[in-house]
Amino acid sequence: MKSFAGKKYYFVGAGGIGMSGLAMVLLRSGAEIYGSDRQGGFVIEKLNSLGADIKIGHMKEWLQAAGEMDAVVISAAVGSDNPELKYAKEKGFRVLKYAQMLGQIVDQHKGLAFAGTHGKSSTSGWAAFMLSRLDYSPNYIVGADIKQLEGSSGVGKGSDFIVEACEYDRSFINIRPETAVITNIDLDHLDYYRDIDDIIGAFSEFLAGVKPGGKILLNADDKYYEPLLKSYYERMRSFGREPADIITYGIEANADYKASGLKLEDGTYSFELCYDGYPTGRIHIELPGVHNVYNCLAAIAALGSQGVETEGLIRTAGLFEGIDRRLMVLAERQGIKLIDDYAHHPTEIRASLAAIRQMYRPQRIVCVFQPHQYSRTRFFIDDFAESFELSDLVIVPEIYFVRDTLESTKQVSSQDLVEKIKNKGSEAVFIDSFTGILSYLKENINSGDVVITMGAGDIWKVAEDYIKWLRTGS
């Protein structure tokens, strides 16, 4: 990535997983990185240790002192009132959203983009891991730290660039890969999208950006597979362009890449990988849940379509240990297992709880769920209530505020969700503070229980504090 060497970039909101990964890639490519974030922490320390200059707090003076920039890169969380963004516009600096900057980098490589409502971080991480193990030395930026690699991003010597492509704000249309994967489509981000047709249209637009001669991989079992395919073909006809090659994967459907003969063994799955109807080898994955069979299959199909040998994919797929905050076992103390998970959508909650039941067969599952966004909670409140069917107790703190309006905070509450969960027949309790939750856990958790902190916010802090108490008693 020589074209970025010596250039200067200022990152507003540098501490986020995507922004920090992008900044690290540019740093390792010889760029100078400046920026800011509202709070410090390990990620900021790591960036600064690599040579970046990231300040704490948002002040225009930081950007003034840094001088002229080739571009100011902003995260999706940065509002129009941000002082650095306002200053950048006043000075005529080039301002790029995260996805626009990412798209420029991917455009210089053999891009492999993973999109989808659920599973895109795990699937892209799985692909990056397998390519690394097979000595392809890939470049990658995904949405979570990959346990067996150096983090959420890496710069390799190869031509492949694996990226996670997010659908929020249609940001993924800034990425024009050679190969695109869509894991699945579901209702989400209804603070931005009108309905499912609007969402399908956005994914179709993303697919239309695949470079000529490229490939598209789709989950043939997904309920919106046919509508998406129809929308994509119609879009390409309207452009007068030839569609990309479509490659499918699945468990139920007659797909190009198929997982056949699923067996549940000691809480995890094995399956026969079939290509074009012929068995190629059996794979046993270490990660629990049927959803991880799909994630594994998507990664294999994507890399197989790129010409990676099937034997190598079969050999390495089962070695993957996962990514940060996805059914991540944190500790086991006094017969109590602590798990942290990123699930923040009803579909993800169902999948995670089912996987825990299969894997650990616990006495009880106690779920500490932090709702993420007032708008998402309001739109899906009934579905959320039903999604905890496999949990024995749900503890709900205040809703995590992000990308919400003050008006939206008046339209739904955590107490509303707790009542809905109770009405569905499950036990639930509202506890407003993390301190209160910790006290409750100390008094009410028994040996044989699995405690899972769940959500896309900062609920993981509860797990950390509870583990500390179990270890030290203080």
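Cβ atoms are placed via backbone N, Cα and C, with glycine included.
Counting every protein chain shown, 20 other Cβ atoms lie within 10 Å of the Cβ of His118 (ATP binding site). Taken residue by residue with DSSP, His118 (ATP binding site) is part of neither helix nor strand, so it is coil. Look at TrEMBL and you will find Gly116, Thr117, His118, Gly119, Lys120, Ser121, Ser122 tagged as ATP binding site.
Taken from TrEMBL, the feature domain 'Mur ligase N-terminal catalytic' applies to 8-109. Taking H, G and I as helix, E and B as strand and the rest as coil, DSSP gives the domain 'Mur ligase N-terminal catalytic' (8-109) the counts 44 helix, 22 strand, 36 coil.
TrEMBL lists 115-302 with the feature domain 'Mur ligase central'.
Taken from TrEMBL, the feature domain 'Mur ligase C-terminal' applies to 325-457. In this model, the domain 'Mur ligase C-terminal' (325-457) carries an average pLDDT of 95.
Positions annotated as transmembrane segment by TrEMBL: 9-27. Long-range contacts of the transmembrane segment (9-27) within its own chain (CB-CB distance under 8 A, at least 6 residues past either end) are made by residues 1, 33-41, 43-44, 46-47, 50-52, 54, 58, 63, 66, 69-75, 77-78, 82, 84-85, 88, 93, 98, 101-102, 105, 139, 141-145, 151-155, 164, 166.
Annotation: Ser121 carries the greatest number of neighbouring Cβ atoms among the binding-site residues Thr117, Ser121 [cut-off 10 Å, Cβ to Cβ]. Within 10 Å of the C-beta of Gly119 (ATP binding site) we count 24 further C-beta atoms, all protein chains included. Over all protein chains present, the Cβ of Lys120 (ATP binding site) has 26 other Cβ atoms lying within 10 Å. Look at the binding-site residues Gly116, Ser122 and count other Cβ atoms within 10 Å of each Cβ; Gly116 has the fewest.
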